[in-house]
Amino acid sequence: MKELKGCGMRSSVGFLSRRELTGQPLMKEEFQRRRLAGCTSLYKKDMLGHFGCVNAIEFSNNGGEWLVSGGDDRRVLLWHMEKAIHARSKPVKLKGEHLSNIFCLAFDSTNKKVFSGGNDEQVILHDVERRETLNVFLHIDAVYSLSVSPVNDNVFASSSDDGRVLIWDTREPPHGEPFCLASYPSAFHSVMFNPVEPRLLATANSKEGVGLWDIRKPRSSLLRYGGSMSLQSAMSVRFNSTGTQLLALRRRLPPVLYELHSRLPSFQFDNQGYFNSCTMKSCCFAGDKDQYILSGSDDFNLYMWKIPKDPEAGGPGRVVNGAFMVLKGHRSIVNQVRFNPHTYMICSSGVEKVIKVWSPYQQPDSLGDLEGRVEDKSRSLYTHEEYISLVLNSGSGLSHDYVSQSIQEDPRMMAFFDSLVRREIEGWSSDSDSDLSEEAIMQLHARGRRSTRATPAVPTAASAAGHHSDSDNSSSSSLAGPDASGGEEQARAEGEERPRRRGRHQRHQSGFLVNEDSDSSEFWLDPMPRPRSPSPRDNSTLSSPHLLPFTSRRSLQLFHVHLQFQQ
């Protein structure tokens, strides 16, 4: 029988979702569950609309009919998923536009409002139907994460680079002072309300790891997860749908699962090739009962693990080795991932300008199969010379070019992030505003010259478990901080006494730092490098290092060294 075009979602998920089912109300859920469990890969399709890296994606509530996305092009796009997949409509651009990179998004429970936050130190509240801006909430530093209260759409939490977690009420005057739940010397990269117990919030901090907070007891966390390893560089935290478990991402460590009231990990998840070091990433649960977890990786792949039913699985270290599914198809680092439990669709994004849609159901013009027999042509990493050549020959540096409104792949951006991956593979990093010796630069450049084109392959997270970060956007101290028992009060005191480091509209000049107090000759990347985009009025070039959004003055020195070699 001839297959009807576009029958994928509408003939299976759509049928089961919309038809009145009698006698077997769980037929759809069981069908979806078995469908995914029998897959070793998924169909994939690209959604194009952004002009730069896509840093944030979120499905709407109660069905996931909509997807909102934001990124380096400073635009908030709203996608009607079914129409977008069937190429019947383009995304809608909301009128409120940020002045710099967008890092986080959130729907309210009615899906009538969207919150967006980013590097321009503000949160914009958008009206979805009218596309208008309803309100703006000013911060004093970059906003990395947002979460709307599950019981009150007027209340939302934000986490920021200034080391604070703030609780806002949209009914208060725009310039009113928000409620400060937490204040640390280091950045909070993620925050989320517990979906069942809204008085509880989970956070991920760049130095203090994962914490649980009670809104009634501010300034001191209820629980610090990780036991003796609680002082880790955490970048993302998510509750499951019942609020009983937390999933967290940590730099250079495997994803980790905690039970709500236990500080020790239930499981850690690893797989050969998985690595999380070069960029900021998020994670999420998947499946109708949150029986899977998802995370992107520096090796350009998306990993799905199944949570064991046996609490003793994984041995003493509780490490689940071996992913349930490795989804291949991205052409650069995968940073963001979200799962829609109603349609079993997965959306992922990152360095590329695309949002990739994964599904166990074939869609129009989708690629791949469910058995993993169709192999993708994996591209090779750009060499160090190719990276430098691309930037120098372009004549415009690594500035954002949104005037052309191009959705085509940008080789300079791909090469830049390839250089981060390559440095992790080779074990060296040098991007910093700190002064390095000319000899060190020459050595680094020489190593780059010896490098040859390689396919993306990085060590496993488990092998790098002891390889901690030495730097942070706000501090050059190492991760070896106060112990779990007394460190929090000390950190809190330091946070309260700490002068705010930046005024509004001041820009981060570089996403990379080194430990200036260290005598070591090794140079580490910042735990979560975040590329910065300039104002639309800026014309960044290589002759203006203070305006460069993606490279630091150290990169310029490497470029100059490269020119000396050529001469």
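Glycine is no exception: its Cβ is also placed from the backbone N, Cα and C atoms.
Taken from TrEMBL, the feature repeat 'WD' applies to 47-89, 136-171, 327-359. The region 'Disordered' annotation in TrEMBL covers 446-546. Taken from TrEMBL, the feature compositional bias 'Low complexity' applies to 453-488. The compositional bias 'Basic and acidic residues' annotation in TrEMBL covers 489-499.
Panel annotation: around the repeat 'WD' (327-359), residues 8-9, 13, 17, 32, 35-36, 41-59, 63-64, 67, 69, 71, 79, 81, 85, 241, 278-288, 292, 294-298, 300-304, 366-368, 376, 378-379, 407-410, 413-414, 417-418, 420-421 of the same chain, lying at least six beyond its termini, place a Cβ under 8 Å from a Cβ of the stretch. Shown for the repeat 'WD' (327-359): DSSP residue counts in helix, strand and coil, namely 0 helix, 20 strand, 13 coil. For the repeat 'WD' (47-89), DSSP puts the residue distribution at 5 helix, 19 strand, 19 coil.
Per-residue confidence over the repeat 'WD' (136-171) averages 97 (mean pLDDT, predicted model). For the repeat 'WD' (136-171), the DSSP counts in helix, strand and coil order read 0 helix, 21 strand, 15 coil.
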